[in-house]
């Protein structure tokens, strides 16, 4: 059964903004500032530029191959089923682990208001609740997401506008305390805050007029989010010393406290809850659609590709991916989840840029949107993603490498036994 095309340009852009603006800016900003100092502003711009390079490739591929699965579909169609299977497994792994980070971030802000609640219990409950919402249907989920996006963007704009009045320029005096490498490390961490834009491409069969709306929604979502991030990072760094923000688990709320405005602190804290809820919702949409696409290709059990005749959603995939997310939430902490996610998805983004190059060579007739300065843009995307990934820890590289090796071995083992599901 085909999926319903129910998402407009506004819906798709909202899904992108909802996926981008969330746990990263509210939670990971403190960790990034600890590495980069006030030059976190430059880190945000650098990671945004890296995301932009890959965004052009996502936009080009999404309009040419508007199928469920995003990076998985691109690799499958343009390289091989084997390559696609590895990319799909790595994408699923990264998105599930990023969902863990988001769930923990959401729970951490909830317990600020209700300290008696255990963080892990709240995180698991949030994952379960939003999994259930995804079962209702994509249009209903999109409507909720649109409302969440408006709320959280309005709160960040209030933080920027009000906080700018209290910025102390002396806080920028020691701009890059850890040098250029510290700024790059900050960019490597902050990249987590940009990861959501690619999720729009996983909804290729549910977006109206995908040739136009997919690339446009990706660019709009990333551009709007980048401007908001740069302004937010500038104000936060100007309100408090970087040493204090580096120690904070709720950096924007602490930065807001420097204004002396209790209502602003409460609003920012509530904004964090809304933002992480929105990102977790779109995260679950994305991972369930990639698993659905892999199952439809025969690379995962066929039962995962079942679509609800009433709701038009891949309900088996949603339940399975949601269950894995809930289980891993109890095993990983925030820093582990963030680092593993960044390395894994930076590798995936490298494959997306490689797919964009291959598209021009193998099927240029499919192009509905052409990225400028080809092949410079995808080449810069590959190199810049690798550069950021190299600033992250060995543990994250080991986790990502393990997924690549295990998925590759599983594919080859199944193929050697003559099984059709991996062809």
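For all residues, glycine too, the Cβ spot is worked out from N, Cα and C.
Annotations in TrEMBL come from automatic prediction, not curation.
Feature annotation (TrEMBL): of 179-197, 198-216, the stretch labelled transmembrane segment is 179-197. In this chain, the transmembrane segment (148-167) lies close to the transmembrane segment (12-34): three or more C-beta pairs between them fall below 8 angstroms, excluding pairs fewer than 6 positions apart.
Outside the transmembrane segment (117-136), and at least 6 residues removed from its termini, the chain residues within Cβ reach (under 8 Å) are 99-100, 103-104, 106-108, 110-111, 144, 277, 280-281, 284-285, 288, 308, 311, 313, 315, 318-319, 321-323, 325-326, 329-330. With pairs at least 6 apart in sequence, the transmembrane segment (12-34) and the transmembrane segment (371-390) have fewer than 3 Cβ pairs within the 8 Å limit; the two do not touch. Comparing 179-197, 262-292, 396-414 for CB pairs under 8 angstroms to the transmembrane segment (82-111), the maximum falls on 262-292. Residues of the same chain lying 6 or more positions beyond the ends of the transmembrane segment (396-414) and with a Cβ under 8 Å from any Cβ of it are 82, 85-86, 89-90, 93-94, 339-340, 342-344, 347, 389, 421-422. The transmembrane segment (218-242) and the transmembrane segment (313-332) are not in contact, since fewer than 3 Cβ pairs between them lie under 8 Å (pairs 6 or more apart in sequence). Within the chain, the transmembrane segment (338-359) has long-range Cβ neighbours (under 8 A, six or more residues past its boundaries) at 28, 31, 53-54, 56-58, 60-61, 64-65, 71, 74-75, 78-79, 83, 87, 90-91, 93-95, 97-98, 101, 188-189, 191-192, 195, 198, 332, 366-367, 371, 375, 378-379, 381-382, 385-386, 388-389, 392-393, 395-397, 399-400, 403-404.
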